[in-house]
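The structure appears below as structure tokens.
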Amino acid sequence: MSSACKSTQTNQQLHKMRSPSIFLNLLNIFLVVYLKLASAARFDIINNCPYTVWAAASPGGGRQLNQGQTWPLDVAAGTRAARIWARTGCQFDGSGRGRCTTGDCNGLLQCQGYGSPPNTLAEYALNQFNNLDFIDISNIDGFNVPMEFSSTTGGCNRVIRCTGNILGECPAALRVPQGCNGPCPVFKTEEHCCNSGNCGPTDYSRFFKTRCPDAYSYPKDDATSVFTCPGGTNYKVVFCP
């Protein structure tokens with residue numbers, strides 16, 4: 001047999017050996033992408049306020065929402081230390097740089113981190129202990145917009161709301177334009193910030209708790225403020241429910 005024939009046979013054999021390998025690699029890539037999409041949680045962020053807000057999410061970025069608009073946001077399984085909030089009184093230029101009166105993200109439309117107080121927060125960690133999602137509303141950084149945080153898929157019926165008249169009744173020491181600060185950002189003391197992990201409620205935290213019983217009012221307020229749903233649950237966050 002000529003060397004040319006041998007070379008042709010060898011190439012054909014190598015091709016046959018490579019083809020299944022290429023197929024398996026493509027299949028693995030498809031499965032990874034599919035599993036990531038299948039396990040992602042959908043957050044529908046809805047503005048029911050009679051004014052424009054600039055929704056913010058970490059992770060996720062930001063988006064202007066006029067009254068009645070929705071921002072669907074898919075978040076990867078295992079995401080933790082995440083939050084969603086509304087910004088008010090914003091002005092941005094064509095490059096997405098500007099400033100907001102409340103909840104500002106370092107002057108960026110597309111948030112790359114957390115916002116500035118005061119801002120009502122929807123906080124979550126997905127697929128944590130026992131594959132549970134942990135969700136809450138927090139007023140520790142203050143309050144700027146009424147909020148509802150709720151599950152939207154079967155297997156969990158959880159609704160958290162914070163709709164009290166906090167802006168109208170905000171203590172003078174915490175009041176700012178379009179918002180009501182939490183005491184920690186204002187006073188920055190151990191009593192209110194609980195940096196050591198050993199603190200209790202204060203008169204200021206009770207102000208928030210009486211108006212939003214389901215929301216965090218100070219850092220150790222876990223017992224009445226954090227809730228769970230099975231991993232894989234989808235959610236909605238509504239401003240001005």
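Positions of Cβ are set from backbone N, Cα and C atoms, glycine also.
A quick note: this is a predicted structure, and the numbers were derived from the prediction, not measured.
For 21-41, the entry in TrEMBL reads transmembrane segment.
The 10 Å shell around the Cβ of Cys240 (disulfide bond) contains 17 further Cβ atoms across the protein chains shown. Taken from TrEMBL, the feature disulfide bond applies to Cys49-Cys240 (among others).
The disulfide bond annotation in TrEMBL covers Cys90-Cys100 (among others). Taking a C-beta cut-off of under 8 angstroms and a sequence separation of 6 or more, Cys90 (disulfide bond) has the following same-chain neighbours: Trp54, Gln64, Gly98, Arg99, Cys100, Thr101, Asp104, Leu109.
If you look up TrEMBL, you'll see Cys105-Cys111 (among others) marked as disulfide bond. Long-range Cβ proximity for Cys111 (disulfide bond), meaning a same-chain Cβ under 8 A and a gap of 6 or more residues, is found for Ala56, Ala57, Ser58, Gly60, Gly61, Gly62, Cys105.
Around Cys162 (disulfide bond), the C-beta neighbours below 8 angstroms that are at least 6 residues distant in the chain are Thr120, Ile137, Asn139, Phe143, Pro146, Met147, Glu148, Arg211, Cys212, Asp214, Ala215. What TrEMBL records for Cys162-Cys212 (among others) is disulfide bond.
The feature disulfide bond is assigned by TrEMBL to Cys170-Cys180 (among others). Residues within less than 8 Å, Cβ to Cβ, of Cys180 (disulfide bond) and separated from it by at least 6 positions along the same chain comprise Pro118, Gly142, Phe143, Asn144, Ile166, Leu167, Cys170, Pro171, Leu174.
Counting only residues at least six positions away in the same chain, the Cβ atoms of Ile140, Asp141, His192, Cys193, Cys194, Pro219 sit under 8 Å from the Cβ of Cys184 (disulfide bond). Annotated disulfide bond per TrEMBL: Cys184-Cys193 (among others), in sequence order.
Residue density at Cys199 (disulfide bond): 17 other Cβ atoms are found within 10 A of its Cβ, drawing on all protein chains shown. What TrEMBL lists as disulfide bond is Cys194-Cys199 (among others).
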Distance, Cys240 (disulfide bond) to Cys199 (disulfide bond) (CA atoms, angstrom): 31
Surrounding CB atoms that lie within 10 Å of the CB of Cys105 (disulfide bond), all protein chains: 24
